[in-house]
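First up is the structure itself, then whatever we jot down about it.
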Amino acid sequence: MENPCEVLGTEGLIRRHEFVRIIIQCLYSLGYSSSAACLELESGISYKSNELKLLESFILNGNWDDSIEYLNSVKDVLGETRESALFLVSRQCVREYLNCGQDELALAVLRKQVSALDVDRCKVHSLAMCMLSFKDRELAVVDENDVVVHDLRRKLLADLESLLPPPISVPEARLERLVESTVTAWVDSCMYHSSSNQISLYEDHRCSRDQIPTRTTQILTGHKNEVWFVQFSNNGEYLASSSNDCTAIIWKVLEDGILTLKHTLNGHQHAVSFVAWSPDDTKLLTCGNTEVLKLWDVETGTCKRTFGNQGFVVSSCAWFPNSKQFACGSSDPEKGVCMWDCDGNVIKSWRGMRMPKVVDLAVTPDGEYLISVFMDKEIRILHMGTNAERVISEEHPITSLSVSGDSKFFIVNLNSQEIHMWDVDGKWDKPSRFNGHEQHKYVIRSCFGGLNNTFIASGSENSQVYIWNRRNPTPIEVLSGHSMTVNCVSWNPKMPQMLASASDDYTIRIWGPSFQKNEGQVE
């Protein structure tokens, strides 16, 4: 006979009896019934406890009084589930009495047993209606050996097994859930995890730093002045950059990960401070510094429309999912936030003398929320469907905003040298905080990246790029290469090992994993 107190493992934390029992359950669930029965015989351990076997015999033989008496005898073990278990047994009892024509016995069970149970009254009323309507007729014959009767009792037994606590019953798929918990813990503790590959059970999982971009693979030198903004397209096939040289550039990402210049967008009279890709990646918006907003065709590089005029102050813009409408925010309170279509029509606006200056804004990828940062510590989250608005007040001035690709989170850069992450739905009372970079007086932009938006990257005034895992407030990587302030970073949404950074040193650096080939340079 197996000793129930015998333990396994180097730490002596696993009870052999429980371990074997769980393995047997797993074998049965996988369809290896013969192997499971063989293991039961060889080990002397049964998957079903003696208590469960006793209840099983009562149920399958239709001994309802004995079943109810047994469940009442173990009420201390069952706890809150006892009432639900008694209801399941009583319901089956009532149904069988009804289908046998024993209405008085069914009514007695309903009145004396079911009505006294602390269960959902709707279930009780539903059972009572069965008696009145006689529509609950799963059983067509009286014979207790009928297959339908047997199947219904087997289903009842399965439902009871899911309710009964250990050690009477083993929770469903227990071994699978234990393994899944272990794998989840591996992933959660792996600071570099950014792979969609299946995780092997043969060894403990741990990613190397090669899973994320850590070294310069290419330097783009197409701009002739400070580069203020970079953003990859949604399909990951392009990179747009804007500069103090009054131009924006569209770069093409080739299959081998090398970027080449596709179009230089000329037309702005002042520095270009912001760009935004349409969700379908066919159009690009560029914001001039204290001047007009321009709409470009990505394929041809031609300007399709100019919005506003000289003195039209646009701080940021963001597309809605249909790629036909966008919002733009202005640092001029009289202009506020406007929603435009691509033909130049103002669809909606939020403006007025009491409207604060807009520092930055974003539309969640699902189009449900418009998030705006107002001068200089206020975040407003507007639900586009209901117009419900939520306001978050930060203690320090906010310089930029970025939303995660799954529309669940957003991050803001503060000049207090912190990045705060909030949830869009508003369930958090406090943000997650990330620090280590330098930001005192310039606009520094950060972004989400990697598999499932696991990472956060940010520029810094000390010429470096910082990368955090969202579960850790301190950086896991600090990337050196730029010689001046890094203003903006962008993570390729389709190539999780590619990151771009824009700097005051006139260059854009493309970062990749350390095992890639030597860096190149594009004029």
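Here the Cβ of each residue, glycine as well, is placed from N, Cα and C on the backbone.
TrEMBL lists 48-105 with the feature domain 'CTLH'.
Residues 259-266, 268-277, 279-281, 284, 286-288, 296, 298, 301, 443, 445, 484, 487-495, 498, 500-510, 521-523 of the same chain sit 6 or more residues outside the repeat 'WD' (220-253) yet have a Cβ under 8 Å from a Cβ within it. The feature repeat 'WD' is assigned by TrEMBL to 220-253 (among others).
As annotated by TrEMBL, repeat 'WD' applies to 265-306 (among others). Beyond the repeat 'WD' (265-306), the same-chain residues lying 6 or more positions past its ends with a Cβ under 8 Å from any Cβ of the stretch are 225, 228-229, 231-235, 237-238, 240-250, 312-323, 326, 328, 342-344, 365.
For the repeat 'WD' (479-511), same-chain residues at least 6 beyond its ends with a Cβ under 8 Å from one of its own Cβ atoms are 194, 211-232, 234-237, 239, 241, 243, 253, 257, 259, 405, 442-451, 455, 457-467. Residues annotated as repeat 'WD' in TrEMBL: 479-511 (among others).
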_Return the average pLDDT for the domain 'CTLH' (48-105) as a whole number._
89
